[in-house]
Every structure is written in structure tokens, then in C-alpha cells.
Amino acid sequence: MSKYKLIMLRHGEGAWNKENRFCSWVDQKLNSEGMEEARNCGKQLKALNFEFDLVFTSVLNRSIHTAWLILEELGQEWVPVESSWRLNERHYGALIGLNREKMALNHGEEQVRIWRRSYNVTPPPIEESHPYYHEIYSDRRYRVCDVPLDQLPRSESLKDVLERLLPYWNERIAPEVLRGKTVLISAHGNSSRALLKHLEGISDEDIINITLPTGVPILLELDENLRAVGPHQFLGDQEAIQAAIKKVEDQGKVKRAEK
């Protein structure tokens, strides 16, 4: 039986989402479409009469800005927002900045799908020579984390994401949900997938089939042990949501010329 409700989402679209590049820990901002997605998400939640007590985000701009726009649409700008690197997008290592379609051409669609969606495959780590290495690791936000800078990831599998996310869920977010607080988590595709895996008990093999579109609110109903009592629900126009999911899935494919 459902006792608690949790809303989570992947942030709105950013420039690198549109350019089909691995964004990861590079601090790309929302583009105009992403801002509109966030506002529409807020409108959807307002229509359903959601009143939030607390919002959790990553430390990346696109996650935080999405939360702000949602709260603005709700008229709930005063609601506290807490940010943690543990909700960051998966660290894609050496793949950061690369175009997914070009990667599919060079390595095959299945390999790119495994890098993007599998549970325990880790891409090659980022090196100091990588064009975005210093932009990431010289950023002040990573000097105030709960782990030393040299212990932050250089590449992650989805399993790694779940392992660094779970302490934050268990120690910070879950207690608020258990107190009856209505919580919004504005995160990323893979940190959201990792949390869904944990709460819904999705298998290591099946998680590869879970794809999340940008800017769509996800409702999870949880029991007294904070386990999902059913599958997650995308809130909104279901036909449009399925089209958005397909768009994300197609990012790792080679475009075929029409005959």
C-alpha cells in the first residue's frame, strides 16, 4: 500500500543534449527548450496540486535551474533547495564532450548503448590532457564536497553512481520522506535511473531498458520501507512522453538516409 509520494525528474534540455554530446560533469546550462520543459513540468505539478517542502538537486547548473523554474511556476520559490554532488550526472570519463552518433559510427551502436545504459560497464577514465579536465576539477564547487577532490570519480558505471548516491539518499533524503515531507528531486538521466533501480528493485539486466526524457516529472509511490509499490509513472501527455523517450534512445544510433 502506498504511504509516501516522491517526485523526481531529469533536468530540462541543455545545449549539449541538443548537440547529442556526452555532457556529464561539464556545467552546461539549459537551452530555451530546456527552460520551457522545466516551466511545463511546473505547470503539470501545479495542476496536480503538488506542494513541496524540500527540493534536492545536483551541483550542476542545469539541475538547479530546472528546480528554480519549477518552483517559480508553482509559486513556491521559498521552498528550500539543497544541492549535492552525489546527485550529479554519471561521470562519463574520456567520453565527455564526444558526439554519441559519431561514437556509434566508430564503435557501433551496441557499444554506445552499453556505455550509456548498462549497469556495470565503466568508460575509459578522464585524463589531465582531456579538454574538460581542468574545467571540472578546478571548479570551486568540488572543493567543498564531503570527499577530498582526489577521491571524486574520473569515470563511472551506473553501479558507481548508485554507490555514491545511496549514502545521500539514506542519510539525507529518505529521512525527510519518512517525516512526511513532500520532496522533489531535480537530477539527471543516470542519477535518476540509479535511484529508480534502487527504489523499484530493477535488475542489473533490465536497467539498460530504462530511458528518461528531459523535463518530465516522474511519480513514485512508496511503502513504509520506501520501496516502490508499483512502476514509476511519467506525468503528462503520454504520447508526447513516449516520443521524447524515443528521441533519447535514438541519440546513440547512426542516422540512416531515407530511401
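Cβ from N, Cα, C; glycine included.
Feature list (source: Swiss-Prot):
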| type | residues | note |
| --- | --- | --- |
| ACT_SITE | HIS11 | active site, tele-phosphohistidine intermediate |
| ACT_SITE | GLU89 | active site, proton donor/acceptor |
| BINDING | 10-17, 23-24, ARG62, 89-92, ARG100, 116-117, 189-190 | substrate binding site |
| MOD_RES | SER2 | N-acetylserine |
| MOD_RES | THR122 | phosphothreonine |
| SITE | HIS188 | site 'Transition state stabilizer' |
Cβ-Cβ neighbours of THR122 (phosphothreonine) (radius 10 Å): 19
For the residue listed as 'active site, proton donor/acceptor', the number of other Cβ atoms found within 10 Å of its own Cβ: 24
Subset of recorded positions (SER2, GLU89, THR122, HIS188) lying within 10 A of TRP16 (substrate binding site), CA to CA, in sequence order: none
SER2 (N-acetylserine) and ARG100 (substrate binding site), distance between Cα atoms, whole Å: 39
Cβ-Cβ distance under 8 Å to the residue listed as 'N-acetylserine', same chain, at least six residues away: GLU221, LEU222, ASP223, VAL229, GLY230
Proximal residue to GLU13 (substrate binding site) among recorded positions GLU89, THR122, HIS188 (C-alpha distance): HIS188
